[in-house]
């Protein structure tokens, strides 16, 4: 009996070992796979796939990232937002600021050998606003800028009437709706990239769904890619007009979504950079390879003055001022985010644009307009309560449930409750999409929200709160603010000094009204190999520029 | 038998139709839109884009169009991956999930059965308690903890296996183990309980009296009887595991379908969500049919017949 039992156990163990042996077949091949020393290879991770490479349809950060590196528009953004030559070598602006004439280089080629011409820009821009294309960024980036863009998109005039034409193969003439001083920086954006009509039309529905269905004219070509790939490469483009400036031979990418796994791969030396989520920052902030990259994304509280047709307590300016001053932002960014993010005491981010003629950062010129001050906040609060004739106020705090968001929302709400006696706050964290829905419906009291710029001009932020603007959604209206911004886009558009004065004034009004409560300006924390040099972090468009990067 | 299978296939089509309908209407209830830049566009501009997706049409029209495509095997075009058919996304993604899932199912089930048998034969002994502890741990530790632990110990600290990524056979090892723990624990638990029951029954005593060896008794008389409940749970579990785990795939950076499903939901990629749901449902009912047929094979007393009982 005993013997039998053991023979059974033996049989079971045999079964187990067979299975174990079967799965032990793999051998470790990962080491020594690196490339030759002479070859410049950068190994990076991407947090998601590239959903499309169609510049007219692109909407997400990764699409714009890889479009930016594999294609080239009229201009390219360099270090500190400096505009560098692209396909255009120079341009002239007419006296009224409405007609821009670009001279294109004649040595730029598509990866199939075709020359890049002015016709490629005309085709691409028309395609971006053509309603049949169904582009989201086309009407957004071109509407109100290029003549007739909005009308074409609505189908009111034929697409041929869009204000762009090729005077000859290498001269592009653009007519604008209003003088647009930041048009140069707009032309670096993905939606403005040229397209080779013959190639795009030959690909039909398949265009830009894989490497084979794409043409490139940028510093790199995108290789081994399909829209569902998890790995791909950027390879130095031998046909690029400025190939001598490109040092890297290759950049490899693999999709890794889990930040911990990313950091582990970095520790094992398999990748050269890894992003850090806030829970990882504490562990790695003393690491030699730890760096932070300041961004131009600003986060703030939207204070809704009208909800469901009725005025909220936030319609009272003293209540809003109290809220704007009641949050200790320094402590929030240092203790909770701890990734280099800084407290925002205004709307326009630091190091984003300079005030022309003064060589002074916009933020510095404008000063601290919304600072934390517990005592002042309390005074405004009591004044506000008195005006409303109440002793307490309950507000709903709407946030989304993204990474960091929950903890940070808790913190902000708690600061408000502590510093403003009689304030009750209910936090409502919902998925991002739902927050946008509630925002559109203006169905919230306080909302934690943020904005990233689309071009290098304060207008990209300030335009958010013009009366009934598509992003206002909080019942804010100040005719003086509206007037200043309208002037900035029309009468003052050709006078940069006055224009910036108007925008500085507008920001002041916005925060005197305490229309919003700025909280912080974001930084990204990451681990970056000391061998890697000269990766430029852009404020708009593609997040990173690798054209001039090298390994040493 | 053939009639039975035919009838079941008929039910399958009805079930799929109901699931397709339900998921279609649930989709309509999701907040937000598939637009990415919706906070940047006016209502009018949004409408122009939604036109392209066919989302401005009345819901019944969209429903009929969806069903018509479905009958022709067309799951539509993804909203997120422009111009990429959902079928292509599913095909690209199901491979890694199915491979890791299959390995985990096979290894997990076999090890679990072995563990359960050992526990039953050595009932209330040391080996029984050990295997019960393993089974309890296996069911109670959340997979992201277990997977994270495996990754940390065997990849980061010991360096035996790759940390993450996909492509070589060795990349599948840690995720397979992480996934195998569920079928392992389940199989061990079921087999142990059933075997303890069966081994104590009268016919086992009879068999023993007839002089059949213990191994013979356990394998021939005991094990087969104990398998029935296990087969019932293992089938649906196989579907679950082979269609991918979002957590495991994210931690080990596997380009699988479970992770894809969750990210599609987050960006309101309706066609991909529905396609994945249908694929899941389809696999599920096929497996249930197979399980029902297996019952007859394992235990001839259970007969599958059409109509007349």
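Positions of Cβ are set from backbone N, Cα and C atoms, glycine also.
Of the given residue ranges B:77-99, B:100-122, TrEMBL assigns the label transmembrane segment to B:100-122.
Annotated by TrEMBL as transmembrane segment, the relevant range among B:200-226, B:227-253 is B:227-253. Here the transmembrane segment (B:173-191) has Cβ contacts under 8 Å with residues 100-101, 103-105, 107-109, 111-113, 115-117, 119-120, 131-132, 134-139, 141, 143, 146-147, 150-151, 154-155, 161-162, 226, 229-230, 233-234, 237-238, 241, 245, 248-249, 251-252, 254 of the same chain, all six or more residues outside its ends. Panel annotation: around the transmembrane segment (B:134-153), residues 112, 115-116, 163-164, 174-175, 177-179, 181-182, 184-186, 188-189, 192, 245, 247-248, 251-252 of the same chain, lying at least six beyond its termini, place a Cβ under 8 Å from a Cβ of the stretch.
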